[in-house]
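Here's the structure we're looking at; comments come further down.
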Amino acid sequence: MTVNRLTVFSLFIISLIEYVALDKCSVCRGIIDNFDEGLKKTAKANFGGGNTRWEEKSLGSYATSETRLVEIVENLCSKDTKECHTMVEEYEDLVEKFWFNQLKKKRDADFFQWLCIENVKVCCPKNTYGPSCSQCKGDKDRPCTSNGKCDGEGTREGTGKCNCDSGYQGDLCDECKDAYFEESKNDTHITCTACHMSCKSTCWEAGPKGCDECGKGWEQNEEEGCKDINECETDATCENGQYCSNTQGSYHCATCHKACDGCTLYGIDKCDKCAEGYTMEDNSCKDVDECLLEDICEDENKVCTNKDGGYDCKCKDGLIEENNTCIPKPKDTSEDNNTKDSMEKEEL
């Protein structure tokens with residue numbers, strides 16, 4: 001039952017996302033786009049009878065014919081969406097009205113303006129929003145000071161509120177947030193730029209010298225402004241088998257090379273001491289080949305195999321290990337039976 005509820009809930013969320021994504025204005029815009037595409041695809045077409053001159057004379061121009069309109073309307077919904085088909089069916093008479101009246105009079109008539117804004121009334125002109133297509137906040141040509149998006153812009157929905165871009169705030173997105181500074185500003189425009197990473201919150205210009213206060217991991221320096229603190233030289237502590245690596249404004253502890261018993265950085269030449277199985281040669285910890293040592297394997301029936309930082313003792317071919325001792329490998333009885341059967345067949 002829990003799985004079913006989760007499935008139903010998931011489907012509901014997916015449907016809700018699809019519904020929000022397919023608002024009525026977007027659906028209408030899609031219809032207009034497909035209409036324009038249909039015009040392009042049928043631009044050089046004709047009635048298909050072969051005698052274009054006779055057809056034009058008898059049936060009228062194909063360019064503004066019902067035949068061409070039908071071909072275009074059939075493909076107005078490129079994706080099989082319910083919202084698109086519903087809108088086309090509901091306003092098919094308006095499509096025909098535009099085709100036979102508006103388009104015949106003026107070939108460059110704005111179908112989007114005529115259908116989506118003026119007649120179906122699901123969209124608004126640029127920089128307007130809501131049921132009455134009210135003007136978005138700020139300048140009519142540059143709402144939200146061009147530093148944000150007008151909620152519902154171009155649709156019959158939304159609040160008209162400015163949703164500011166990163167770094168901006170205020171009703172008209174004409175102020176800088178903390179961690180940003182005014183790089184330029186005039187009566188109509190403002191540019192906010194992020195403070196340097198070394199700043200705690202606010203700054204007055206770019207770079208580490210522009211910080212009002214240094215952030216954690218940085219300290220004030222007369223020449224450089226906020227300078228990175230190398231914690232590896234001060235209070236950083238790492239566990240055994242790790243070394244400290246300084247980063248901008250912080251540090252992290254990384255694991256030493258396995259050849260090391262303590263280290264300053266990563267690498268066999270950065271070890272404080274060598275780990276077991278390694279020896280110091282030319283200031284580097286190198287693997288010890290234990291197999292060169294005499295009687296390294298206590299059992300004479302075992303063979304030594306060297307590996308990085310250690311070694312293995314394994315039984316020779318034909319032997320297996322049992323209770324830490326190498327013994328002859330048992331014969332495969334099934335193989336003997338097969339051999340015996342084969343010999344008996346040959347005798348027959």
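In case you wondered, yes, glycine gets a Cβ from its N, Cα and C as well.
What TrEMBL lists as signal peptide is 1-22.
The domain 'EGF-like' annotation in TrEMBL covers 134-174. Sequence-distant contacts of the domain 'EGF-like' (134-174) (same chain, six or more residues past either end, CB-CB distance under 8 Å): 23-25, 121-128, 180, 188-190, 192-194.
Among the features that TrEMBL reports, disulfide bond is placed at Cys164-Cys173. All protein chains shown were included, and the count of other CB atoms within 10 Å of the CB of Cys173 (disulfide bond) stands at 24.
Positions annotated as region 'Disordered' by TrEMBL: 324-348.
Positions annotated as compositional bias 'Basic and acidic residues' by TrEMBL: 329-348.
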DSSP helix, strand and coil counts for the domain 'EGF-like' (134-174)? 3 helix, 13 strand, 25 coil
Over the domain 'EGF-like' (134-174) the mean pLDDT stands at 96
Listed in sequence order, residues with CB under 8 A of Cys164 (disulfide bond) and six or more positions away: Cys144, Asn147, Gly148, Gly170, Cys173
